[in-house]
Amino acid sequence: MTDSSYDAQAVRSWLQGLQTHIADTLGAFDGTPFATDAWQRAPGEKLRGGGYTRILEGGKFFERAGIGFSDVAGDALPGSASAARPQLAGRGFEAMGVSLVLHPHNPHCPTVHMNVRLLIATKPGEEPVFWFGGGMDLTPYYGYEEDARHFHRTCRDALQPYGADLYPSFKRWCDEYFFLKHRNEARGIGGIFFDDFSAPGFDQSFAMLKSVGDAFLKAYLPIVEKRRNIPYGQAERDFQAYRRGRYVEFNLVFDRGTLFGLQSGGRTESILMSMPPVVNWRYNWHPEPGTPEARLYSDFLVPREWV
């Protein structure tokens, strides 16, 4: 995070194009176009800037799908962003990124999350400090080993040109990050996660970010194309809703992006578009041994080397 030379406009343009491309592709896949909600912070608010929320609810395939682009600036970096960098506490900042969460109707199709972002911390009289963050992770309700391997293989291939050490490092970081400490349980089968990334310099760091963002559709679409027509009943939907509860718990208790948005005075509707539309909790519930639901816990919600 020492290189202060960066091109925010290049990142902004790529992020906007990425959002449009993913929304157009997923809208065609579903058969339902995404609605667009353009928003702008009013003068005098805590944050300056705006963004576009692309949202699809009640589609043929997606129960809820949100793809957000935001580009905001503020006068003081929130605690969730400066906890690991106390020297940056209180600096002004600009944050831009694309974040998406997709919740299919079919429980045999996994929920997926992807995020790519740039943060810039500023202070009068000092050089700006920039860093990239992001990743993607998969949350199945019914596990398929070939799907997990495909997802991780695509993540690995996206990172390979930028260093053989990146995938193992980002994969391990993802396993540690998307973990519900109060449940002692993983949220899903992981993927890749990274933050504070700028050591190779702006050009190489940005190229790596673009490779991750551009790999998303290749990682996810082949999985749901294969699973979208698998029959399911109410029991599978009930289990899906139960497991979605873990998604809600993680996002509200641990997720840095959610906490950053809420702490910085971000736009609540856009921040919480990641929430699943139908969720339930059951008291002290455990799946019956030997069932596909039990196999999710024993075979998938444990750290594994998928590639």
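Even glycines carry a Cβ here, placed using N, Cα and C.
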Range annotated as region 'Important for dimerization' in Swiss-Prot, from 67-102, 247-282: 247-282
Cβ-based isolation winner (fewest other Cβ atoms within 10 Å) among the binding-site residues His103, His152, His182: His182
Max pairwise CA distance, angstrom, over record-listed substrate binders Ser99, Asn115, Val116, Arg117, Gly265, Gly266, Arg267: 20
In three-state DSSP terms, the structure that His113 (divalent metal cation binding site) belongs to: strand
Count of other CB atoms lying within 10 Å of the CB belonging to Gly266 (substrate binding site): 23
Residues that sit under 8 angstroms from Arg117 (substrate binding site) by C-beta distance, when 6+ apart in the chain: Ala95, Met96, Gly97, Val98, Ser99, Phe132, Gly133, Gly134, Gly257
Candidate binding-site residues His103, His113, His152, His182, pick with smallest Cα gap to Gly266 (substrate binding site): His113
